[in-house]
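**Q** From Swiss-Prot, here are the annotated features:
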DOMAIN    1-276  domain 'tr-type G'
BINDING   10-17, 74-78, 128-131  GTP binding site
Amino acid sequence: MSIRNIGIMAHIDAGKTTTTERIIYYTGKSHKMGDVDSGNTITDWMPQEQERGITISSAAITCHWKDCQINIIDTPGHVDFTAEVERSLRVLDGGIVIFSAVDGIQAQTETVWKQAEKYEIPRLAYVNKMDRIGADFFKVVGDIENKFKTIPLVLQIPIGNESNFEGVVDIILNKELHFSMENGIPKLTYSQIREEFIEKVILFKKKLIDILSQFSEEITQLFLEDKEIGLDIIKREIRRGTISRFIIPVLMGTSLKNIGIEPLIDSIVDYLPSPFEKSFSAFSLDTNKKILVDPNENKKLSALVFKVQYSSVIASHLYFVRVYSGEINPNKKIINASNGKREKFTKIFRVFSNKNEQIDFVKTGDIGAVLGLKFSVTGDTLVEENNNVLLEAVMFPEPVVLMSVEPERSSDEVRLKEIFEIISKEDPTFSYSESKETGQLIISGMGELHLEIILTRIKDEFNLNVYTGKPQVSYRESAGKIVKEVFEFNNIFAGKNIDFKIGMIIKPLSRGAGNKIDFECGIEPVIKSAILRGITSAFVSGIFGYPIIDINVSIFSIVCGANKISESAFESISGFAFHSIFQKSDPIRLEPIMLLEIRTPIEHTGEIISTLNVMGGVIHSVSNIGEYDLIKSEAAFEKLFGYASILRSSTKGRGSFTMEFSYFKEKLS
């Protein structure tokens, strides 16, 4: 049976979850259609999701259509949960990007599009909500072409528009498609194209052939010879163009009213790739080089842990894995190639949202979940012996907001830390630490909503009440200038007199460059590893108490005294040395700058812009969408706490906004 691993991506409220629920229902996996407003969707299973009507975690669903197994991951649309999108895209072979026919391309649409480009994921575009006032299919198609510099391939034209939208004309089949429900059973009927649509169908069929002929010699030849271009050839070439990311097939519908679902599922099977149609990149631990691995040829296990989820039912973590080659089964001896530790699967599951079906194995190209791993985290590679490869890990953005938390009862502090450990293991964008000055527990995340959801989980899922401080900005710090110095340590450490000198050069790097450590002197591998650990640990907190970013540390000399120095001593003293030298680099504090996209009624645009200017914001653009203006701007995150209330008041509740992290900038005051 063929497999499709697909993700459904979009801006919040574009209809991702509703579309996913319809696909699940139409493929027979569910016997009822979930509804977001009613809070009974299958993919949004967390209580917080059902309560808020948004997707927070990436739910995995397996269903079947026309002898094809489809693994669907419904991803969040809110920017606070970008990590869920990122780790989902890492393991997908194809995607559906959903656009609102009214709002078109929105802020998070651009974000997920860029993420999909990063992972080179072939996509379909689905223009949803065609029945809404202001729906404009062809404007959205034009925006996709102009904004994303891609070639949209229109496969359908609408029958009616807005409240009169009733179906589509399939350009490839030359048929009208009408959608209905009879006793809860979907019914798709075909009819001849009405006279009023024939001219437009001919025009778009010609456009379709013109686009395909840009990369298909076969279609070009048939066209030049004035021969009929068969349905099989057209579908095959659309598939080839989609997989190569030369084109983006575009479909439409209104998922809430069950219009357009069957053609969308057909297109998943017809145009998106199978896991066996693409080699995957890996790092060879034998040659220290990047390699391409063909899953058709390599039968040894290589799998990626892309998500860790705590189950309160079994009081254990469930590990979601994508198998790139070979097979997972309980008898297989495996190694975590990321840390060299041996692991074992005790149980294997097929996942259906928050329900699990135990199975015997997960084969090449498939997605499943396992129990029994002890030393693995998100992004780790699992292999069998003698398969020395490392898969590309999932990269996550830095947290930008922090908050102090303490339990109602001081006796619960240990338990609270244990809960934080559980959550941080499953959510790489959440972290916690203990303030050196106050002893308070500090949690960090991607935004106010992100932390709010976590605090709700602590109360509802773990039955623990906590007090919280106000949300604060999670700043960063970096070096203000180059500094070169030798740090001397001549003291007692762990009961031994130690004489140790280490010379470092600390240089500031450009924003976004990350931290780098290099050695200009010869050194034993064991000592080198200890020093690396010590300095890396020191990056966690600088002189202002914030993480240190964007610096280069060069070790140019190491001198040891007569007494033998332990690894732990090298590690600890290297951290002391770094902090001592870093203090002399005139450290600077950095604040997060956020990108904002504000949607406001036209009559309130002036007031919104004035408010942004007072906040020190920078306006990038103002564009019009019917009765609304779209304002794109940037502002310091510390100025944006409570902005939702300000906007709601200014626009009488009709305005909305999204924001996402852009970059760190030196804070001058």
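Residue numbering: from 1, along the chain as shown.
Using the three backbone atoms N, Cα and C, a Cβ is placed for every residue, glycine included.
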**Q** Work out the three-state DSSP category of Lys16 (GTP binding site).
**A** helix
**Q** Mean pLDDT, the domain 'tr-type G' (1-276)?
**A** 86
**Q** Taking only same-chain residues 6+ apart in sequence, whose CB is under 8 Å from that of Met130 (GTP binding site), what do you get?
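**A** Within the chain, Met130 (GTP binding site) has Cβ neighbours under 8 Å at Ala101, Phe137, Pro158, Asn161, Glu162, Phe165, Met252, Gly253, Thr254, Ile259, Gly260.
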**Q** Most Cβ neighbours within 10 Å: which of the binding-site residues Ala10, Asp13, Lys16 is it?
**A** Lys16
